[in-house]
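As recorded in Swiss-Prot:
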type	residues	note
BINDING	Asp8, His10, Asp49, His196	Fe cation 1 binding site
BINDING	His10, Asp49, Asn79, His80, His196	AMP binding site
BINDING	Asp49, Asn79, His155, His194	Fe cation 2 binding site
Amino acid sequence: MKFVVLTDTHFVARGRRIYGLDPAERLSAAVARINREHPDIAFVIVTGDLAHWGEEPAYDNLASVLAGLRAPTILMMGNHDKREAFAKFFPGVPRDASGFVQTVQVFEAATIVTLDTLNEAAPNHEGFLCEARLAFLEHALAEAPADRPLLLFQHHPPFDTGLRYMDTIRLANPDAEWEVIARTRKPDYLFMGHLHRPISGVWRGIPFHIQRGLAHQVAFDLVAEGHIPGSHEPPDYAHVSVEADRIVIHQCSFMYDGPLFSLHDSVALHRVSF
């Protein structure tokens, strides 16, 4: 099974820009590349912060761009989102009995669990898992088929990464999440967004991938405190392949427009410049 991961689209109303960028331009470029190069993917998942201010015109704009995707989409909530505004333009997206945007989808190759970490009451954008969401997670992990990998997706990381300000707005109750995992089942892979940086590693024995943002980025700065250092580093998406014996993640810089050449080309090898 193959799929694509995007995150932190931070959409705004048509005609608006944030930090000098138009998120719609970037997502349109990603959609075109995905349609052209990945016709065999099962879905595209967007792991939250769909809209920057959670306003209805932004979700309207997002829906228009995503309509161009040929693959199905799985959409998630991030700290910038508003569930009710989102639901007006994406009425077909499943919500659980408590109204949270989270699902379990069982594919032949893997089980996909999406977890809603949005806390709309938080003044500082940190995530939270209430009792209802922890119960959802416990049931999802306990009931997932044992004969295939389980991939867990959530917006907020449940751990620090060294990005000092971002560490103050991660998941607020990571121990509660871990307690559920410890008594049920460890996901085979954990996918997240929120940090606007490409980060990978292992959390308590679980390999993880944090996807770079589609819009503005968080600069690689492990010293800055009291604010979030931003940058215009180029965006990318992750192309994930799930096989019986491996999970492979490739990053695609879909807006790169520089030269392409063969490393076996002796002329290219000795060129001074392109």
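Every residue gets a Cβ built from N, Cα and C, even glycine.
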- prompt: Rounded to a whole number, how many Å is the Cα of His194 (Fe cation 2 binding site) away from the Cα of Asp8 (Fe cation 1 binding site)?
  reply: 7
Task: Please report the DSSP secondary structure of His10 (Fe cation 1 binding site), reduced to three states.
output: coil
Query: Within 8 Å of the centroid of the Cβ atoms of His10, Asp49, Asn79, His80, His196, which other residues of that chain place their own Cβ, given that this set defines the recorded AMP site?
result: Asp8, Gly48, His52, Gly78, Asp81, Gly193, His194, Gly213
Field: Residues that sit under 8 angstroms from Asn79 (AMP binding site) by C-beta distance, when 6+ apart in the chain
entry: Gly48, Asp49, Thr117, Leu118, Asn119, Ala122, His125, Glu126, Gly127, His155, His156, Ile169, His194
Message: Centre the Cβ atoms of Asp49, Asn79, His155, His194, go out 8 Å, and tell me which other residues of that chain have a Cβ in range of the Fe cation 2 site.
response: Thr7, Asp8, Thr47, Gly48, Met77, Gly78, His80, Asp81, Thr117, Leu118, His125, Gly127, His156, Gly193
Statement: Near Fe cation 1: residues not in Asp8, His10, Asp49, His196 with Cβ within 8 Å of the site Cβ centroid are Thr7, Thr9, Gly48, His52, Gly78, His80, Gly193, His194, Gly213, Leu214, Ala215, His216
- prompt: Looking at Cβ-Cβ distances, which residues of the chain lie under 8 angstroms from Asp8 (Fe cation 1 binding site) while being 6 or more apart from it?
  reply: Thr47, Gly48, Asp49, Gly78, Gly193, His194, His196, Gln211, Gly213, Leu214, Ala215
- request: Run through the Cβ atoms and count how many others sit within 10 Å of the one on His155 (Fe cation 2 binding site).
  value: 27
